[in-house]
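One structure is given below, encoded as structure tokens.
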């Protein structure tokens, strides 16, 4: 299924493991991605007919020397297929590609763009031109459940093997027929591969990004793999590829061989060099002028946008607090007044001269929130007025100091109650239900009730504050994005937020919309119902909360999900309805998730009259305890810890 990678765990014997790999590995799905945000097609349309034609033509492909295929039907459907470098480019290769294509269209019905990696081949199709395009995202990586005994020695061996693979890939790049390398270091077996249509530099960049991420993906583990549309890497502690290819690998040419080649080629090559030296400077000058024009045009546009933003920010001068006033109000930011801390800074309680209690967020100089995020939070919050959103009183700027001044919420954040074994008893079912309803109404206001749609992008329990009646207020808008009503989705290369709450299409592809907030809301509701953190302890190894809840729901053991603290106070029908709403919100396909308008409507209706669609599997769904997917548990350097 989409966004799901599978990793073989350890078996009881080497013989059984080897048998399974050699017999079944070709048809094991490593990674499938359905680009839901890329659009759909309907049956009997031109795209549908051409895609079917392309799929049906695959068994008749003619074997190529490198197992790579670029296929296009009427320029409307474009596909790329590639067999692993150790697979003979014969009918076995074509059979794997055909199987992959059939699995892909079944997994991603009516989706315009999708890709799949099987053990021995990959296949992708789309409506756009992809030949020769290096695309390191979307990516997926998976690690073994088994840890190595000698982590330091294993890491050194793997590092040496990565260096060796890189050198072999560079040598393979010279042929431009196959960009593949495999190697063995002690008991570690590894391979790496790029699609042959990539340039030498693009292949090197693609694999360099993968190699740099290996410690994050698989540190101390006995195996792991990483796939993206353009390249692939895998390592194990058992032979999973044809070992004969390691002896056939082309090594970097020595200087002696290079000199011999130059002598053999003679004067014809010298003439070619003369021509190249004459043409290259002219082409470089032309390209330089083109790039300079584009750069100046973009800079002028950015300058205009920046000036507009600065003018809008200056219009908030009435909300500006004197820095000394805030410093005195917090007793010089005394530790005794500290009420919270996050990745962006520390929050203090304070009292203004008129007696008004305030909460002051003092942004850290080294925090992930820069001036842009600070201004975003100020500009957005000044436009928002809703009882379930925290109220911004103002801000203060002095040199490198940046302060945000909010209304003081006495009970701090939801997570401090929900996951505290003592305080959680204060949250009976009625209070938890009111929190769910309040957060849903706050999100609905952001998505549909404010001047422009706003996507929060970092909804989680620590960003939900509780007032004196334990009613919720959504806070922290530094990562929020504002849209116009005609365009409520976007793609970003900088993924920010908290991983366990991120929708799969956002975490893996950078695509976000109002449905990414819906996913985060679903995770939050599951935490409120169960009293458990997502990816927390007590769920079983390698299991996140949506998977844990889904498994109980399909097995008919949903009541086991209810926080034991609630057993005497919860309304069974109401809690089960909330569970189904949450599971609907964390579905893998964003188009199947309800809108917040639908969620509020379902929560506001009588429990007997609610019509809930049957939810499908959640994003990052883990099919078995025998398999592990590391995506929910990893922190990326691009993420801002909050």
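In case you wondered, yes, glycine gets a Cβ from its N, Cα and C as well.
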Annotated transmembrane segment segment (source Swiss-Prot; candidates 212-232, 233-253, 254-274, 275-295): 275-295
Field: From 44, 411, the one Swiss-Prot labels N-linked glycosylation site
entry: 44
Field: Chain-internal residues, separated by at least six, CB under 8 A from residue 341 (ATP binding site)
entry: 347
- prompt: Just the number: how many Å between the Cα atoms of residue 506 (phosphotyrosine) and residue 462 (phosphoserine)?
  reply: 20
Statement: Candidates 40, 44, 70, 145, 339 (recorded positions) passing the 10 Å Cα cutoff around residue 498 (phosphothreonine) are none
- request: Other Cβ atoms within 10 Å is the metric here; tell me which of the recorded positions 40, 44, 462 scores highest.
  value: 462
